[in-house]
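Peer 1: TrEMBL feature annotations, pasted as is:
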type	residues	note
BINDING	A:LEU20, A:ASN27, A:LYS156	xanthine binding site
DOMAIN	A:46-157	domain 'Phosphoribosyltransferase'
BINDING	A:ALA128, A:ASN129, A:GLY130, A:GLN131, A:ALA132	5-phospho-alpha-D-ribose 1-diphosphate binding site
2 protein chains.
Amino acid sequence: MQRLKQKIENEGVVVSESVLKVDGFLNHQIDPIMMQEIGEEFTSRFANEGVTKIVTLESSGIAPAVMAGLSLGVPVVFARKSKSLTLTDHLYSADVYSFTKQESNQISVSTDYLSKDDIVLLIDDFLANGQAVLGMVSMLEQAGSALAGIGIVIEKGFQDGGAILRSRGIQVESLAIVDSLANGEVTFRDEKASSE
Amino acid sequence: MQRLKQKIENEGVVVSESVLKVDGFLNHQIDPIMMQEIGEEFTSRFANEGVTKIVTLESSGIAPAVMAGLSLGVPVVFARKSKSLTLTDHLYSADVYSFTKQESNQISVSTDYLSKDDIVLLIDDFLANGQAVLGMVSMLEQAGSALAGIGIVIEKGFQDGGAILRSRGIQVESLAIVDSLANGEVTFRDEKASSE
């Protein structure tokens, strides 16, 4: 998605060889018009999958997910993050380890909002090692929901989350794939290769 | 806002005389079409205020705020919640006490995304005792930003947040004001009174 890549080039901050900050339009300040375009792009990529629901993770996944939900005409559920869940009745939940923060969080969705009749599009802001998405996939399995595919705003192509998910046969659509952050520069994967 | 009130009546769950759960379309599962209508309603109520930015609080404020941002054509900043901030350099921050959870959280916004040139519309999902909104107002004061007004999806009219804010001369626009949750029933304030 060309406009997203330009935005990343112009406004993204390369903090280290593995950390890209996009607080200016995605993770702290949000550009609603960019989010609408992202939502429409996800819709065009998953239009024929019979999606009944979008699931994302608070907080940065919410804006792109809601715009995709508006465009696809389906509800959006955001999974909640917490340090630990003492009561897990009436919840689907999963442990998610963050390599960046070196801590585990639990994520959860109420059993009221996911069922075996749902065909779910998962959306998240970043895909790195895939732990958060794998946690969401685990909750869908608990609910018996079908997985239509995964929509990612920015994939770190130099980490293995994308490969893990695609090797399971899951359709992963990342709107920008960053292959390197070496020397303070963002290098994108070739557009053609990214849609394979 | 009539459709919102109907939605609250049909899908809201009165948990106690002070707790209304709207997890079905606002706080856990999100109805994107309802959020778009809410965003447009906020836009119509604050269209002449010269708003340059919307500020909200993660996570449930994000969806209505982003839709208002899309409609008004301005960026949205979501304040982050954390148990405690050790580093407050480069941040505007405030303490917010939650009477429901009986705990304090700090909320913060990067100094990069609020300035003295901003005219800010604050948006939040609920207004009860006003602690969260007062924390956001404090961050605007730290930044020297002007406050255009406050847009609230659901105000609990039986708690004092609305009165505190309006007594300061702030324009508070709540799309639904709940005056009572007694006997398991939602009683709304009269529409006319609510727009005073």
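Keep in mind that glycine also has a Cβ here, set from the backbone N, Cα and C atoms.
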Peer 1: So how many other Cβ atoms are close to A:LEU20 (xanthine binding site), meaning within 10 Å of its Cβ?
Peer 2: 18
Peer 1: Taking each of A:ASN129, A:GLN131, A:ALA132 in turn, which of these binding-site residues have a Cα lying within 10 angstroms of the Cα of A:LYS156 (xanthine binding site)?
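Peer 2: If one measures from the Cα of A:LYS156 (xanthine binding site), the binding-site residues that come within 10 Å are A:ASN129.
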Peer 1: Tell me which residues of the chain lie with their Cβ under 8 angstroms from that of A:ALA128 (5-phospho-alpha-D-ribose 1-diphosphate binding site), as long as they are six or more apart in sequence?
Peer 2: A:PHE99, A:THR100, A:LYS156, A:GLN159, A:GLY161
Peer 1: Would you list the DSSP helix, strand and coil counts for the residues of the domain 'Phosphoribosyltransferase' (A:46-157)?
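Peer 2: Going by DSSP assignments, the domain 'Phosphoribosyltransferase' (A:46-157) contains 28 helix, 48 strand, 36 coil.
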Peer 1: Among the binding-site residues A:ASN129, A:GLN131, A:LYS156, point out the residue whose Cβ has the most other Cβ atoms within 10 Å, with all shown protein chains included in the count.
Peer 2: A:LYS156
Peer 1: On the 0 to 100 scale, where does the mean pLDDT of the domain 'Phosphoribosyltransferase' (A:46-157) fall?
Peer 2: 95
Peer 1: Whose Cβ lies within 8 Å of the mean position of the Cβ atoms of A:LEU20, A:ASN27, A:LYS156, the xanthine site, other than those residues?
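Peer 2: My list of surrounding residues reads A:GLY12, A:VAL19, A:LYS21, A:VAL22, A:ASP125, A:PHE126, A:ALA128, A:ILE154, A:VAL178.
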